[in-house]
């Protein structure tokens, strides 16, 4: 399949579209700024309360007449541009495919050679997030502002979290082979000028986010303007890039516990012990992009294995080459111990995105300029990106669309096929956006017999109003039909002579319903959950005890307790914190107007990550290895991102 790299089939239509949008944009921008000036966020309200001279109100009163005059002057040009823009949308393609062409063999092509479908299994990491990159006036309805700056910061945080150096912990003690849950922290020392991660001698040091330079020793802000300096994607999966931490049984005696003093008097939250402010996170320095000093390091980074006694005379862990195994090999070792023995996989609230993130699905990337900024930042890690997904005008749907679908997909692996469908059954405000589903087929490897190993991913955003359960169920029905059609239309295999082997089938996105509200019973019992497994769900209306909500209470986004990834992580690990800062379903029979009656559960989990256990290659199975609720985007969105790591094991792997 030929992927679309431009929104229009020829340069003439593209040029005409640029001219028409240039005529519309001044009016669009003025309307957005004018409306935004009358919708303050809680952060701005606090600033105004501390402003005795009321300078902000004075500026608003001064500039409002100017904006109105400019708006009236721009209306004729906007009308003329609209006359050209609207009919052009019938020729517009449903997405834009972006790939960094100068990758050569350093990017996705090299990843395809890592797994041949034999021997040890292969893990794949998926993440989904609603980032609320709406026009600024609309984002303020959700208590968010400064969409352009947030887009850049979101991209930097995701890139820095996914590109973290891989950390492997080995225990020299023959008796103590476990690490306490409190010691799951970022156990890396600052990298040297050559970008090589240094082993930590003696004691273990927590590293704050400002000390981490994720892109080969460069500061994340150094390439904010023009994207990555070298143009190469970050590859954190090679053993040479691993940061080795050895805990000696003779010297250390035991692993560090949560209450152990930290060298230098550094605060336990990894923030250097400084005072916490209420400044929004997207106004911080580029280096403050998600704490690496969190006690919630991903298990992909913190691989636990037992080291032998044959340490080299130099005492350097890097000298023992036998320790540099691939993560998938070490994680399947019999000596591996889970943090949650009562669960088939690990789960956590993490302060940053998982290391070695392979696939990213985002929702509500509506603003075009914000989408471009976000894409440029994500290209520092992901080689393949689909953005500006959706339709405009009256194309594809019965009602006029002012916004696209808001979906964005990023991948480290090559994309083979793409399909997009717009939901026709929408109403109210959702009818103005072309919300739908994006279906992708990616290649993740090849067998020695030249059979392609592929995976299927679907990203969607369902109808938002909570009372419209019937509309969401209809969209879930369409989603299932489109999933089956996409698998059928893109499959080139036959049962007798398969050309492709399916490794995984994942569905994710913002479903806008939860599994604990009595008002969402219709969606909770949908047949989609019989074909795809939800790792957080026990059954309709019944969540696993560790699952938490992914929708934040927008009134508390800028509170000191949750304004940083570390702080939000600590809050969400306690039941009281979840009750205060997560959104909970409200009962229709609430006795007092405006009062929330908190129901069972740990908040509204409306962001889902599902995977199929059937329809894969025979003798292969995909099992959840870890599941994470991520706080790295605190202050930048009103949703918690979620991530899932799947281990795809072949029949040749030992049980």
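Any Cβ shown, glycine's included, is placed from N, Cα and C.
Looking at 44-64, 65-85, the range annotated in Swiss-Prot as intramembrane segment turns out to be 65-85.
What Swiss-Prot records as phosphoserine, among 291, 589, is residue 291. Within 10 Å of the C-beta of residue 54 (S-palmitoyl cysteine) we count 11 further C-beta atoms, all protein chains included. Reported as a whole number, the C-alpha separation between residue 59 (S-palmitoyl cysteine) and residue 364 (Mg(2+) binding site) equals 31 Å. Its Cβ placed at the centre, residue 364 (Mg(2+) binding site) has 27 other Cβ atoms within 10 Å. For the topological domain 'Cytoplasmic' (32-64), the DSSP counts in helix, strand and coil order read 23 helix, 0 strand, 10 coil.
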